């Protein structure tokens, strides 16, 4: 007679499996983590105080100690070095045509260099303390503004080395600034007096046109694309402000554990077309984390940890290069991985010529590769991928449960090493109302196996609520068998000892971790076990 089987079943799973606390990896998180190949540039020794990208070539310049170095975006290797500094260099800033770059310094001077000759063209003297903020206006080749530890913000005519305007509104060090992307006459500065001020060079009163109180010393400030929003970083928070409504606070992100030192804007490419680019706000801090913030959805989309405090961050205009500077002189430069025409990662097309690519032999049915063709092909961008349904692995106890061989399924998992499978099978037998019947039919060796399993796992918090109740029922049902066997008595003594240790520990420490009435069940089991002194 053929055995009766269920038409369609699924592997048994324990309901006691805890939920994972590890966050799931999203598509955007994979983009920021896996689409960049990170290279370390070590041995700079001194902290990387600033990073800025050329608007034309995507080359970037970094400042550290009394020098500044220009790096190629293609090879991530240094191409030239600026050493005409008397002290520490700060705040590298490219002009919008990419031909000149300006630096601040500890000495209080602002120097302007020609990238081709690497010579200092202009030296602007007006600050009497260190200059931490130097920026070129968005569409202006003739002027720049600077802010220093003397609390002054100055507007310069670079060609004549003349100070045109001097704004005095801050009460502490001016450490950051940004020019408006929509007007060359507007720029903002952030200070350690907790304020961010918007300046207009067309206003003759020299007063700021808008004041924002960040609440903590401001480390960095930038305009977001289109110029209507402003992002400020200070303390452990990054805040978004609406400039058009007079500086109204939109959102405050406080996910960093320590001071946020630098912020910048990067783009994420969704489907390969430039029109689909979305901007993200990147922030780094002394806690070693880089955070990616979607300010349109007001949520953090990615977080990455580095082994040192982070001081500066920069992303190229097309997001092909991402550079992060640390306090120990190491630069983490990430370059976007190249993709060929089909969208499959591989070598850059410039690494080999067409003539060097070997011609493939024509496939014929006499060749083994003819029958293996296309099995290793990877999907191209835009392909609709249909995944083959994964074959479910059926374990031995699942096969036995399909055939309603309940006792054999129970004995099989008791001989195994997975407590998760043991509890899952027991719960399934409870649902089928067969567990107690299986326990009553166990012989001496199988009963000893069950008691040994109960001794191992009945005090584990994850399984205690279920196994302690089962231990009580097993002790009640098989009391006569236990009394007649010294081996089974030994298992019961071990269970009693484990329960007493847990009860004593919970009473001494005042911590009762049993849930769903497990404490009461444990006390009942303990009282029952103690009542059978002969065991």
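From the backbone N, Cα and C atoms, a Cβ is placed for every residue, glycine too.
Per TrEMBL, the feature domain 'U3 small nucleolar RNA-associated protein 15 C-terminal' maps to 377-504. Mean per-residue pLDDT, taken over the domain 'U3 small nucleolar RNA-associated protein 15 C-terminal' (377-504), amounts to 88.
Annotation source TrEMBL lists repeat 'WD' at 124-166 (among others). Residue counts for the repeat 'WD' (124-166) under DSSP, helix first, then strand, then coil, are 0 helix, 23 strand, 20 coil.
Summarising the annotation, TrEMBL assigns repeat 'WD' to 167-209 (among others). Tertiary neighbourhood of the repeat 'WD' (167-209): same-chain residues 132-133, 135-140, 143, 145, 147-149, 151-155, 215-223, 225-227, 230, 232, 234, 241, 243, 247, selected by CB-CB distance under 8 Å and a gap of 6+ residues from either end.
Counting residues of the repeat 'WD' (167-209) by DSSP class, helix then strand then coil, yields 0 helix, 19 strand, 24 coil. The DSSP breakdown of the domain 'U3 small nucleolar RNA-associated protein 15 C-terminal' (377-504) into helical (H, G, I), extended (E, B) and coil residues amounts to 90 helix, 0 strand, 38 coil.
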